[in-house]
Amino acid sequence: NIFAAVLCFPSMGAIISAPISMAATCAGSLFGSCCAGLTCKACSCTCLLPAKLTSALYVMLISLSVIAALLFEFDGGDIVIGGSSDSAASKSLLAEMKAAASGIATAAPQSYWNERFWCKARYPHGWIICCEDVCGGVFSVYRFSFVLALFFGFFALLTAVPSKFAARAHRGFWIAKIFLLVGLLVSTLFIDNSTLETYREVARYLSLLFLLLQILLLIDVAYTWNETWLSYDEDADDERCCGWKLAIILSSAVLYVGSITAWVLLYVYFGASGCPAQQSVISITIVFSLALTAVSCSKYAPHGTLLTSASVTAYATFLAYSALASHPDAQCNPLAHSGESASGLVVGLVIAAVSMASTAYNAAGSKQAVMGKEHGTDLDKPLDDTTSRSDGNGEDEVEEESWWYFHLMMAACSLYMAMLLTDWTTQPAFENGVPLTGTSGDWSVGLASFWVKLSSQWVALALYGWTLLAPYCLRESRDFGIEFDF
């Protein structure tokens, strides 16, 4: 009987473990199925948002990407999973046997995976994700920029034709967009830095597109700024001297004083004797800025404002400094070996932030600033004047919309981000066959960057001059709603 009982125990264990194993397998399958179902449901959720909130989220996406790119650029390094162990800690025989068994099981695939990385010697027991030349320095910025450019370029194509699909693609599917962005970012880890060098040169010249769009937006913002403060002054109905008109005059004075101070400093540091090209750039900046200010105060441009002229003058001065700081002549550029100062990065980020905020606040108005008003369209309607909300289950809840211009602006901003955050560097991926890491100011100068910035300044001054003189020059053929006294 004793032997029979002993012999029965294995079968009894099988009887008990079989349903437990089946239940565990079933539960695991159900859990996996539920996770997959939830993921598919989340990705297919339209989750429509109002237009202004949607635009703000896109701008926030670029802002967070800029912060992350700066962190990786200056503090990035090797990213490795595992590989750390406490050799001083005592281990039991069973623990050592398990470690040996797992080491034998993972040594081959780990060695095969790490073989592609040049930093593999540093981490013999870890799984390397990327080395510091990929996850740090300027090439980490290019990866963020490349992903955003692809993302917004893709949605510019999706929203090119006015339709309900375009409206839903722009305003909804946020969880799917997050998965798309993360997937694109991870995939860039497998792109060689030498390939991203080509992307950098493409971004260098296409950044001119963003600079041109930014110029138009800033001119529009400056006009709106002046008109808003004038309306505040009229609504206040206060005859005291300390009104909104005084605020306009003081703001203009601050901008002009800052510009004049910058002109003097540019002559001192960049326009020394023996630097005729630099002297010409500074002189052209001064002459055209003062000439446009005079035109804005003349009878030929009754719509011109001093605050707008001051804003354009300050922006043109900044572009002149940025261009001169990119010139490779070390005798005429004290920043040739150190790169543009941190103040240049801060000013560039602030200007880009203002233009992006203007785009997010009123995308239709920004489109009119660039392309003019389209008659017979819905651009006059408020962007939030739709019935779409976070449900978005019915086809009739959204109107036909096209957002290609907004996403084109975002894509151009992503390209400009690659230049602004890296100081327009030309740092190569390899030097003498060795991967370059970190950031060096020696690569931050070049004639290509110089001419891109200088061309954008000339276009900025020409466009502002056209906004001042177009109503007078075309007064016989087109009505701009401006009356002339002669």
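Every residue, even glycine, has its Cβ placed from backbone N, Cα and C.
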For the transmembrane segment entry in TrEMBL, name the matching range from 12-33, 78-99, 100-121, 276-297.
276-297
By a Cβ-Cβ criterion of under 8 Å, what residues six or more beyond either terminus of the transmembrane segment (203-225) are in contact with it?
142, 145, 149, 305, 307-308, 311-312, 315, 351-352, 354-355, 358-359, 365-366, 369-370, 409, 412-413, 415-416, 418-419, 424, 448-449, 452-453, 455-456, 459-460, 463-464, 467
Same-chain residues at least 6 beyond the ends of the transmembrane segment (304-324) with a Cβ under 8 Å from one of its Cβ atoms are 215, 218-219, 221-223, 225-226, 229, 248-249, 251-253, 255-256, 258-259, 262-263, 266, 270, 278, 281-282, 285, 288-289, 292-293, 295-298, 332-333, 340, 344, 347-348, 351, 449-451, 453-454, 456-457, 460-461, 464, 468
Positions on the same chain near the transmembrane segment (246-270), where near means CB under 8 A and six or more residues out:
226, 229-230, 278-279, 282, 285-286, 289, 305-307, 309-311, 313-314, 317-318, 320-321, 324, 332-334
